[in-house]
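Some features that TrEMBL has for this protein:
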TRANSMEM  25-49  transmembrane segment
DOMAIN    27-428  domain 'Major facilitator superfamily (MFS) profile'
TRANSMEM  61-80  transmembrane segment
TRANSMEM  92-111  transmembrane segment
TRANSMEM  117-145  transmembrane segment
TRANSMEM  157-175  transmembrane segment
TRANSMEM  187-208  transmembrane segment
TRANSMEM  229-255  transmembrane segment
TRANSMEM  267-286  transmembrane segment
TRANSMEM  298-318  transmembrane segment
TRANSMEM  324-343  transmembrane segment
TRANSMEM  364-386  transmembrane segment
TRANSMEM  398-420  transmembrane segment
REGION    431-457  region 'Disordered'
COMPBIAS  448-457  compositional bias 'Basic and acidic residues'
Amino acid sequence: MDIDEDIGDSSTPEAPATKMSRQQILTLIAMASINFSSMICYSILGPFFPNEAKKKGVSQAMIGLIFGIYALCTLVGSLILGKYIVQIGAKFMIVAGLFVSSGCTVLFGFLDQVSDGTVFIVLCFITRCINAIGFSAAVTSSFAVSGKVFPDNIATVLGFMEIFTGLGLILGPPLGGWLYQSFGYEIPFVFTGCLLFATVPLNLWILPSFDAVPSSQNSFLRLCTRIKILLICFVVFTLSSGLGFLDATLSIFAIEKLNLSAGSVGLLMIGLSLPYGAASPIFGVISDKYPSIRKWMMVVGGMATAVSFCFLGPLPVFHIRSQLWLTVLMLIVVGFSLCMSCIPTFAEMIACAHENGFEEGMSTLGLVSGLFSAVWSAGMFFGPTIGGYITQALNFEWSAGVQGALAFLAALLQVIYFTIEDIQKKSQKASRTDVSSSQGEKSPLLPKTDHLRVDIS
């Protein structure tokens, strides 16, 4: 009787639900608003702030530090807040983080009123640090919430969210450059800060609350003992390092070498953001539909990133003169390749954590999202800081080549690791086959003979 019921159940499997629930729709709206407004606030600095800071007597290396300190504070904030996301509450972290970040964005717009030199630099550091803590709270919690609400389609959802990230990155530079040229230094920050503040009541109203139980067994140290997790973290580091490097150095390179205005530099950066945002949902769907190719997406994307950074300047060893069309083309390739590498990383980190005994819940999602945000922020600190130093000591071309070398190293390490992993899996499968076949040889050749004899007797 039980066998018949099991057969009946297996013959009519339930069709997977394709319609999103109300909670999922509201979560998508909330995450989209966070990504879009946060990226606009982040990206408006690129076209005009480095040049404005130089007028204040700030060196190229110090400009890189001002960009980089934001990422460093985001790193620290992501680790701490990701660990205690259950205790603090995911919704509260998002709302409070947006409120703090919007206020600091507005305040940053009035720093041109202070005196040149040390005072300006110190206030830039303080404002950026506090802004980064708010940003880390919102972003870390948003990743965890996305994984909680969409456990089976996390790459697809993140790909969809990256559309709004791309839109923010696309609109931010030209909007910031236009507002700066039309109204001065203050207005770009006041406008985008108010836009970010508008998301506070929106998320407070539509974002659902999430109940979870803290886990004492999960920790960042245990998570980082897995080689695959560390390797993916290095991939994420190289991606964000390249983006941070371009934020801090591309505008000055374009103005000095390509003779572009601040507004034109904002349009130039669209060459990076538009392909990234357009390709994100496509790579997200592919990543969820074919999980086995995620690792090779990261490898191919890393190789393409390495090549495009080497030709972005291009490297002096190629003896190719810097030209606008080549820079635009390489930025487009960078946008596609970064997207191909980035989209599968978060889903792979979650899958690896679950495979190694981490429970499926908000606590694990908080750890993974915190680690992801922290490593991303480490790259965003390294890229502008070291990239700015190398640019000042040598030039933009060599500094871009260093970013390409990092991307190549990450891709090479992945090829080595995944090749060894595949060999080990094949070896284990072959050994299991040998064991099962040897057990079959030891079994009686005619097991039913005795049974037949008993029946005859």
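Glycine is treated like the rest: Cβ placed from N, Cα and C.
Counting only same-chain residues 6+ beyond the ends of the transmembrane segment (25-49), those with a CB under 8 A from a CB of the stretch are 63, 67, 94, 98, 101-102, 105, 135, 138-139, 142, 145-146, 149-150, 157, 160-162, 164-165, 167-169, 171-177, 179-180, 185, 188-189, 192-193, 195-196, 198-199, 202-203, 206-208, 247-248, 250-251, 262-263, 265-266, 269, 273. Here the transmembrane segment (187-208) has Cβ contacts under 8 Å with residues 23, 26-27, 29-30, 33-34, 37-38, 40-41, 44, 48, 91, 94-95, 98-99, 101-106, 108-110, 145, 172, 175-176, 179-180 of the same chain, all six or more residues outside its ends.
Only sequence-distant pairs (6 or more apart) were considered; of these, at least three Cβ pairs between the transmembrane segment (267-286) and the transmembrane segment (229-255) are under 8 A, so the stretches are in contact. Only pairs six or more apart in sequence are counted, and the transmembrane segment (229-255) with the transmembrane segment (92-111) gives fewer than three Cβ pairs under 8 Å, not enough to call it a contact. Contact between the transmembrane segment (61-80) and the transmembrane segment (364-386) is present: at least three CB pairs lie under 8 Å, with pairs separated by 6 or more positions in sequence. Residues 155, 158-159, 162, 235-236, 239, 242-243, 246, 254, 258, 260, 268-269, 271-276, 279-280, 283-284, 287, 297-298, 300-305, 307-309, 311-312, 314 of the same chain sit 6 or more residues outside the transmembrane segment (324-343) yet have a Cβ under 8 Å from a Cβ within it. Beyond its flanks by at least six residues, the transmembrane segment (92-111) meets 30, 34, 37-38, 41, 81, 85, 120, 123-124, 127-128, 130-131, 133-142, 145, 185-190, 192-194, 196-197, 199-200, 203-204, 207 of its own chain at Cβ-Cβ distances under 8 Å. Sequence-distant neighbours of the transmembrane segment (364-386) (same chain, 6+ residues past either end, Cβ-Cβ under 8 Å): 61, 63-65, 67-76, 78-86, 90, 132, 136, 139-141, 143-144, 147-148, 215, 218-220, 223-224, 229, 233, 236-249, 345-346, 349-350, 353-354, 358, 402-403.
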